[in-house]
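Annotated features in TrEMBL:
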DOMAIN    194-246  domain 'HAMP'
DOMAIN    251-296  domain 'PAS'
DOMAIN    375-597  domain 'Histidine kinase'
TRANSMEM  170-190  transmembrane segment
Amino acid sequence: MKSFRFRLTVIMLIVIGVSVLAAGITMGQIFKNSNMKVLEENMGREIDLLRATFPFVNTDPLSSTDYISYYSEKAKEIARLTQSRVTFIRKDGTVVGDSLSDPRKMENHASREEIQQASTEGIGRTIRYSETLKRNMLYVAEPVVSDKGFDGYIRLSMNLKTVEEGIQRGWMAIGIGLVLLFLAAGLVSYRIARGLTSPIEHITGVANRISGLDYDARVGVQRRDEVGQLGEAINRMADSLQNQMKTIRDNEDLLQSVMSNMTGGILMIDAEERIALVNRESERMLGVAGKRVTDKPYHELKKHYELTKLIEGSIQSREKLHGEVHLYNPEERLVLLDGVPMYEDDGGYRGMLFLLQDITAIRRLESMRSEFVANVSHELKTPIAAVKGFAETLLGGGVKDEETSRSFLQIIYDESERLNRLIGDILELSQIESKRSSLDCSPIHVSSFIESLLEKLNNVAAKKRITLHMEIPDELYMEADEDKLQQIFLNLLSNGINYTLDGGKVKIKVVTVQRDHDTERVVFTVSDTGIGIPKKDLPRIFERFYRVDKGRSRNSGGTGLGLSIVKHLVDLHHGTLSVESELGIGTTFTIELPLLQQEE
Ligand code: ATP
Ligand code: MG
């Protein structure tokens, strides 16, 4: 656009320059011609005057020299008055008088242009370089015939120096004027060019900004002409672009947020077998950063060997896929993989779309459920078998001995008692798990509460010569569901007694701690000097029916439900539970509960 303005200015300048120059030349020429004309006319009039008034004398005979000095003398007089050179010439061309030179030394003038012209036209004029005077001279000659015996020509000549100087000055003035005119014209034409091009430049600038994604750019030209219409058209275009961009962005945002908030993983492989899209869930499952793998070949995912193989198969066949894969990232995940080929509206193949669903938790729950059913039936079968067996024996009447039948009945009683407890525990657990039980909180004086618990356990402990200790601040009160709290510590303490060899120690210690945000919490530690729990079993002891040593635990009457009930009850109280243990040295359970329960 700059160059357009530049070209426009240059063209205007050239046009103006040429016309100014032509005008100058014409003016100069006219000036010069009219000047010369005036000069010639003046000189002609002077000759006419001389012709009428000059006192001519006879120039014959040729030999006489008197008239030469007469004419020369007169020529000098006239020259002084007219400030021009005066020459008297005879018809045959002999010079008889001259105001500047000696006529006797001058050559014949018959062939001079002005003389020839004068003889034919009555007046002769010419501009010539004079050898005598060494400069440009204007010669004007006229024939003169006098009755006093002169027949020849009077010639006036004038030095053109002054005339030329005048003309030169004229030229100079014209030149300066022209230059000034040219400059002024240049300025004006630049302004005109700018006036024409600057709105276009502005519009171009706006269009460039719009194409550079600046959709807020608008043309500010307020004109009713074509340029103004162009500006308005650009503005309308920008408006509609802006609207369209907004719609596209909104759609994109919507799609983006749907994708990133989806609970399923999405993975798209395009027709060139490159990863076209990975959503947040897929990133999490596959352990990759979307930014890094997008546009890369899908082999980037080769660390998930099983997955890559399945993807490869379905890409090659371009057929639907439904399967399960294990992902290790690093923990194991079971993922349901669904793949569908994607086609464009015109039927062109676009790639494969995969949906990944983490079914690890579902599977674990399913297996836990079936395991639970199996466990329950197994646990129930043992006591029922015992009850049935002993009852059959007694019914068969084979036992006459009063004492034996008594001991059989005792066994039947014990086993049904155990069955009862088992069913109670299972019911309790399922109730807690289904969240049907809620807390019934009241203030509890911790030390007297624990003391009464220990009293209940004294008998059992005494049988194994196990000593029970407690270390609890006297004045400590807390808020909790008393029944449930009792269940928690009965379980922990009886475990401590059960899994500690005769003569050991079980201890419960309570302290309060200040956690962040002024929340006070009560920390219970139940420790024993018992047999301990192997490291590999520690993470599992809170599972239902999990027992470290099934045989021994059953002998001691355990079902493996105690700790899972404890875990649920602690959760219900918004507390935390942890365990540390060393084989043969002892086990410590730590429970942290809030001092006050939050209202729900
Ligand atoms: P119950 O349902 O009658 O309590 P249980 O005691 O076998 O049966 P849990 O209380 O859940 O079941 O305990 C799970 C297992 O954890 C036990 O079988 C035992 O192997 C182990 N365990 C629990 N507490 C201790 C402890 N203090 N010392 C050593 N092992 C323990
Ligand atoms: Mg127990």
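Using the three backbone atoms N, Cα and C, a Cβ is placed for every residue, glycine included.
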Outside the transmembrane segment (170-190), six or more residues from its ends: residues with CB under 8 Å to it: 8-9, 12-13, 16-17, 20-21, 23-24, 27-28, 31-32
Counts of helix, strand and coil residues, the domain 'PAS' (251-296), according to DSSP: 22 helix, 11 strand, 13 coil
PLDDT averaged over every residue in the domain 'PAS' (251-296): 92
